[in-house]
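**Student:** Handing you a structure now.
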Amino acid sequence: MTDVDPHATRRDLVPNIPAELLEAGFDNVEEIGRGGFGVVYRCVQPSLDRAVAVKVLSTDLDRDNLERFLREQRAMGRLSGHPHIVTVLQVGVLAGGRPFIVMPYHAKNSLETLIRRHGPLDWRETLSIGVKLAGALEAAHRVGTLHRDVKPGNILLTDYGEPQLTDFGIARIAGGFETATGVIAGSPAFTAPEVLEGASPTPASDVYSLGATLFCALTGHAAYERRSGERVIAQFLRITSQPIPDLRKQGLPADVAAAIERAMARHPADRPATAADVGEELRDVQRRNGVSVDEMPLPVELGVERRRSPEAHAAHRHTGGGTPTVPTPPTPATKYRPSVPTGSLVTRSRLTDILRAGGRRRLILIHAPSGFGKSTLAAQWREELSRDGAAVAWLTIDNDDNNEVWFLSHLLESIRRVRPTLAESLGHVLEEHGDDAGRYVLTSLIDEIHENDDRIAVVIDDWHRVSDSRTQAALGFLLDNGCHHLQLIVTSWSRAGLPVGRLRIGDELAEIDSAALRFDTDEAAALLNDAGGLRLPRADVQALTTSTDGWAAALRLAALSLRGGGDATQLLRGLSGASDVIHEFLSENVLDTLEPELREFLLVASVTERTCGGLASALAGITNGRAMLEEAEHRGLFLQRTEDDPNWFRFHQMFADFLHRRLERGGSHRVAELHRRASAWFAENGYLHEAVDHALAAGDPARAVDLVEQDETNLPEQSKMTTLLAIVQKLPTSMVVSRARLQLAIAWANILLQRPAPATGALNRFETALGRAELPEATQADLRAEADVLRAVAEVFADRVERVDDLLAEAMSRPDTLPPRVPGTAGNTAALAAICRFEFAEVYPLLDWAAPYQEMMGPFGTVYAQCLRGMAARNRLDIVAALQNFRTAFEVGTAVGAHSHAARLAGSLLAELLYETGDLAGAGRLMDESYLLGSEGGAVDYLAARYVIGARVKAAQGDHEGAADRLSTGGDTAVQLGLPRLAARINNERIRLGIALPAAVAADLLAPRTIPRDNGIATMTAELDEDSAVRLLSAGDSADRDQACQRAGALAAAIDGTRRPLAALQAQILHIETLAATGRESDARNELAPVATKCAELGLSRLLVDAGLA
């Protein structure tokens, strides 16, 4: 991606520009780049507390170039608002006469930077970017603007990973003026051949540049990148004469390569006719390849709906690199921002005074029935807090928040939207560890907020929708344990689900109820006359206030009716003080005055909690759904949308409830059909959880199950196990248990979450379901092979390996006929079984065989494989290799998520070896992080490292109580999971640390035993028990110590040092300990000398320290 910098010699801008920017109202001025006609600075606008990029023109602008700049800004102004074109925030002239333009600052930099740092993009991500940029170019072309320099460096990435086209510094309104003959305004590697040959740029040349940009994203370099030492003219000749390199050789789908080739065709006539055509072709490629189909936002005229709506993908955003992921849980941006009011707000000073008096109390509770203006007041208070410098997050509660994990995920996301650096990795913890991580996440969040020393408030709107006790307990924990840096502002119908009593006793509660929320006459006058545009006499205002009991919703509906020509006197005669009567009367006075087409549209559009043009069109069976929504919004019909996501709409809850009641008059069959349409639209556009919800609401649970089953591999393979299990919980149990594929997906999710018992249950149900399913024999064989691999994983988790090879045989005999996750997991499982049989040399070829499949699984298979390599190397005393393997595994796991299960697994094993090599501090940090998250299962070697070595580290640090707690928890885990080898390790460590064992346990350990040699796990368990017996005897009288010495010698002699080097070394050290304990100092020194040398050579210093020999 090498390009000539045409401005390399223009770095002489007058140095007082930063001073002029400060004078213009900008702070923290920092130069970040040069291009176009000047320099780009990163600044802060104090008035809005936001970072911006300011582009300042250079000093040598002549009149024509100045006119060009101003024309550029007019073009940009006409394009502002498109989601994939950078918005122009301000244009002005500095004190020295230099024009400047202000745009949002993009901290994530450009697509070029992303590619340079992380390499080529996945083809699915590239298609997604291509569709969006095609929409941006089409929008520009429709207003007569050519970009002229589309390339990765001119595509910036928003904080949400969305691409935005920028730098129209060489763009101009078509026909405005011509660039001097022979001057190429653009980057050669991305410029169309005809432009290089002297032709004027056209929309077709922008299409070529878009294709060249996508080629670069797919390969990591330009199609005609300038070679080392190559002259520019030679590069031009290659671009104009040679075909582009064949992308099929990169392993890309043929239709992906063909689409790029057509966009980069040598002759303009052979390219797609418009940028929109490019976008539609890329969408067709997405559809054929079974990936999520992106929408291509284009400007539309009122009443005209284009072929595909622009909003279907708006809530399905993802990061700028890698494969797109389904959000967890999938949520619209509207959830994290108060809805934009349909009219002006009324200032309610008496209520904000109450809130202000609440100071920094942990909870501000605003509670009243629907329609009292709770959310509006919270939004106003949010604005006031923001002006005072607080960071204020917003979270609107919906039914999905009745799942504790999803609620916490939403809470973290809302906070990250106002403080992106807070809780960066905690969301991933929730996804992988589910319910177990709740307390850890909340504690970590409280600590981070406190340590950040920054005031944060979170508005939690509509809390009454939560009935789940675990979710309520989570919020209660946050309120009980939070600090005064964090304040929660909760709106709800009541006080239910909140620890109001405790907070009131501690003076941590400020409260506003329905009595306070009711409008008084002055406030009602402001609402009806000032904001509502009416001219009601004071007497009528007072009468309306009295008859509505100051209910904000009723007053708003009354204003709407009166603006439509209603008579105030007649309106007042029809009102009573009962809220239900007011609600029904005023709602019908609004709805029944509408034309039938609009009334019918509002009824059907209310079926879903949120809607957009495409969805509303599908529900109503029309093509202009977006125009109808905009018309309803324009007429103030209680339809709201947010500033940052204008494509999605939501009805005011009270009005939506009324519409639902009216809709139900048409019969349940009609409502069910609308839910079916909604389910179909959501499923087609990639919103699984909403598709499932509406299928269930339609009374079609079979379709809901089908939807999840069809999507069964996507969520687990993206490590969205908790999301999958939460969605499955919504489905009828009787239907879930009868679906073989779905049970297999549930088993995968539970295995990946380290939950062997639920996984085994799912596998058992799988067999029953498969026996009843009418599937082709080949399909059944594939599913059984996959299930057997999962059973093998469950076996090794249970510390049994006898059946593992048989269970893996089918999958390992035909790996290429199965999904990559199956042979990839099989290879890891076979390797772990080999370790348990002391066949360490066999581990490496097994993992080499599995590696190609693990690369297609994502990072998790690679993390496990590196851990297994490290375990084999450690047992062979190849300490250098083991450390490298564990470090690699930890680095890859941490890249997935700092608190991911993969990182913690690798971290525990790395910590064990760090401890043995003397790095107590490093081992302690890793062990503490692993221990806090908890785990329901896993291989015994991982659990032993976590509990046993974790306890040993605590003891070495002087925390004997912490060590005992670790061992106690480990002992409970061993009993619960039925793991004798783990129990033996726990008992052995208790003896080492001087923790007394129950008499019966000690007696069993002291009894003579024969160590089996035909089963590796039984061998290790018996050896641990014999080690424990030796240590117990060593603490006794002289006769016992002599017996200990004899048994230790026999134990060491029985271990084959060539086959099991580490075990042999550990047994030798134990024998030396007993020799010293019996007073045989000379013998002990003689045996210690070679052992000490070996430990020093290997760096295993801690082995001798723990034995008291160093």
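Every residue gets a Cβ built from N, Cα and C, even glycine.
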**Student:** Among Thr126, Thr179, Thr1058, can you tell me which residue Swiss-Prot lists with the annotation phosphothreonine?
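**Tutor:** Annotated as phosphothreonine in Swiss-Prot: Thr179.
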**Student:** So which of Thr181, Thr191, Thr376, Thr1019 shows up as phosphothreonine in Swiss-Prot?
**Tutor:** Thr181
**Student:** What Cα-Cα separation, expressed in whole Å, is found between Arg34 (ATP binding site) and Asp167 (Mg(2+) binding site)?
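**Tutor:** It is 11 Å, counting Cα to Cα.
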**Student:** Compared by Cα position, which of the recorded positions Asp149, Asn154, Asp167 is the closest one to Val40 (ATP binding site)?
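**Tutor:** Going through Asp149, Asn154, Asp167 one by one, the Cα closest to that of Val40 (ATP binding site) is Asp167.
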**Student:** Can you tell me how far the Cα of Asp149 (active site, proton acceptor) sits from the Cα of Asp167 (Mg(2+) binding site), in Å?
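**Tutor:** Cα-Cα distance, Asp149 (active site, proton acceptor) to Asp167 (Mg(2+) binding site): 8 Å.
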**Student:** Between Gly38 (ATP binding site) and Asp167 (Mg(2+) binding site), how far is it from one CA atom to the other, in Å?
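**Tutor:** So the Cα of Asp167 (Mg(2+) binding site) lies 12 Å away from that of Gly38 (ATP binding site).
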**Student:** Quick one: pull the CA-CA distance for Asn154 (Mg(2+) binding site) versus Ile32 (ATP binding site), whole Å only.
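**Tutor:** A Cα-Cα distance of 14 Å.
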**Student:** Helix, strand or coil for Asn154 (Mg(2+) binding site)? Use DSSP.
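**Tutor:** Looking at the DSSP assignment, Asn154 (Mg(2+) binding site) belongs to a helix.
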**Student:** Please work out which residue of Ile32, Val40 has the most C-beta neighbours within 10 angstroms of its C-beta, and give that one of the binding-site residues.
**Tutor:** Val40
**Student:** How far is it from Ile32 (ATP binding site) to Asp167 (Mg(2+) binding site), counting Cα to Cα, in Å?
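**Tutor:** Roughly 15 Å, rounded to the nearest whole number.
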**Student:** Check the DSSP secondary structure of Ile32 (ATP binding site), expressed as helix, strand or coil.
**Tutor:** strand
